[in-house]
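Now, the feature entries from TrEMBL:
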type    : residues          : note
BINDING : 99, 102, 215, 219 : chlorophyll a 1 binding site
BINDING : 104, 147, 184     : chlorophyll b binding site
BINDING : 216               : chlorophyll a 5 binding site
């Protein structure tokens with residue numbers, strides 16, 4: 001007889017002749033721990049063995065029961081989705097890509113702040129303070145020119161990224177990117193890889209690189225703060 005009790009617990013009860021009270025724990029995928037508690041109830045002539053199964057999965061709020069569509073398979077998944085935005089599987093896939101891009105922009109922004117401040121305080125270059133850089137007028141081009149160039153370049157990159165998301169691997173075909181396809185070829189959307197974007201060759205088997213994916217998301221979220 002199976003009885004659901006509370007959040008994340010299940011009681012499995014049946015009669016038997018040789019119960020063995022105790023606890024059995026084992027690791028599951030992505031670091032979760034599943035614990036079975038065995039408890040003897042009753043007299044020696046008739047007893048009941050109760051097995052309480054609990055899956056101790058890390059969540060953003062301790063004790064929270066994560067939604068079923070966030071099952072821990074995604075990197076950085078701690079069950080956080082208070083608005084239920086990820087209920088639709090197709091939307092969830094896109095949100096994963098959006099989070100990756102935002103995290104990488106945040107990390108690039110932090111690196112840019114540190115690098116330009118280092119050049120400024122050492123006197124190597126007279127760069128503006130990072131929070132005033134947006135109002136700075138540059139001599140080599142007007143603000144309108146810079147905005148147009150940024151729109152064109154970012155639009156091109158984002159279009160390529162979206163096309164690869166819709167049809168994975170399509171943007172690595174020969175002739176699709178000025179002969180640089182092999183240098184940018186990745187394994188799955190969001191992880192282009194190649195010698196240009198993965199020069200150190202880290203996480204070549206990206207489908208099984210859960211630890212690297214988790215580190216990237218955590219670093220990116222920290223950069224957003």
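Heads up, the Cβ atoms here are built off N, Cα and C, so glycines get one too.
Curation plays no part in TrEMBL annotations; they are all automatic predictions.
Recorded features from TrEMBL, shown on the structure.
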| residue | record | Cβ contacts under 8 Å, 6 or more apart |
| --- | --- | --- |
| 99 | chlorophyll a 1 binding site | 76, 217, 220 |
| 102 | chlorophyll a 1 binding site | 220, 224 |
| 104 | chlorophyll b binding site | 216, 220 |
| 147 | chlorophyll b binding site | none |
| 215 | chlorophyll a 1 binding site | none |
| 219 | chlorophyll a 1 binding site | 103, 107 |
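When Cβ atoms from all protein chains are considered, those within 10 Å of residue 216 (chlorophyll a 5 binding site) total 19, not counting its own.
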